[in-house]
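What follows is a set of notes on a single structure, which appears directly below.
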Amino acid sequence: MHFVPNITFGHPVVESLRKQLGQDPFFDMHMMVSRPEQWVKPMAVAGANQYTFHLEATENPGALIKDIRENGMKVGLAIKPGTTVEYLAPWANQIDMALVMTVEPGFGGQKFMEDMMPKVHWLRTQFPTLDIEVDGGVGPDTVQKCAEAGANMIVSGSAIMRSDDPRSVINLLRNVCSEAAQKRSLDR
């Protein structure tokens with residue numbers, strides 16, 4: 001189990017972006033760090049809206065969830081590919097978003113792990129109103145599988161940044177998710 005001790009985009013970057021962009025953008029901080037507890041207050045002060053930590057990186061998820069809430073942020077809870085989704089279940093009613101990693105966290109450009117989709121589907125079935133995010137290898141070729149499994153929040157780095165037309169890729173990802181969500185609500 002290895003998380004980095006440092007942060008790539010830390011609270012000074014969040015603070016700077018918040019000053020430049022105002023209150024509109026929603027900043028979800030995906031904290032792939034070994035001691036997520038230590039960054040809650042600085043991120044809240046900097047203007048983060050949601051603090052997403054890895055279940056595997058803390059001894060006491062309940063206390064951390066409480067701390068994030070008390071600092072005025074929404075709570076996201078992430079699991080790595082090797083972690084069973086049932087491990088997240090006891091916390092699902094206390095969080096705003098569950099993040100199912102679809103690559104091993106650490107670096108961009110990895111291949112999407114389709115075998116994570118049953119976790120997404122299970123969460124969507126058990127917790128129909130929970131925001132469910134996928135992160136890792138998600139782009140135009142894989143977003144349909146994610147959306148159909150129940151993901152309604154998509155993280156896409158390389159597929160957008162390496163595209164000749166990033167805006168069209170973003171629109172495609174958004175539309176696929178919207179259509180899947182509409183279909184789900186009609187099927188209920």
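Heads up, residue numbers simply count up from 1 along the chain you see.
Each Cβ is built from the backbone N, Cα and C atoms, and glycine gets one as well.
Automatic, uncurated: that is what TrEMBL annotation is.
Database features, via TrEMBL:
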| type | residues | note |
| --- | --- | --- |
| ACT_SITE | D135 | active site, proton donor |
| BINDING | H30, D135 | divalent metal cation binding site |
| BINDING | H30, G106, F107, G108, G109, G137, G157, S158 | substrate binding site |
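Long-range Cβ contacts of D135 (active site, proton donor) within its own chain (separation 6+, distance under 8 Å): H30, A78, L99, V100, M101, T102, V103, P105, V155. Local packing around the binding-site residues G137, G157 was summarised as the count of other Cβ atoms within 10 Å of each Cβ; on this measure the leading residue is G137. Using a 10 Å radius centred on the Cβ of S158 (substrate binding site) and all shown protein chains, the other Cβ atoms total 14. Taken over all pairs of the listed substrate-binding residues (H30, G106, F107, G108, G109, G137, G157, S158), the Cα spread reaches a maximum of 17 Å, rounded to the nearest whole number.
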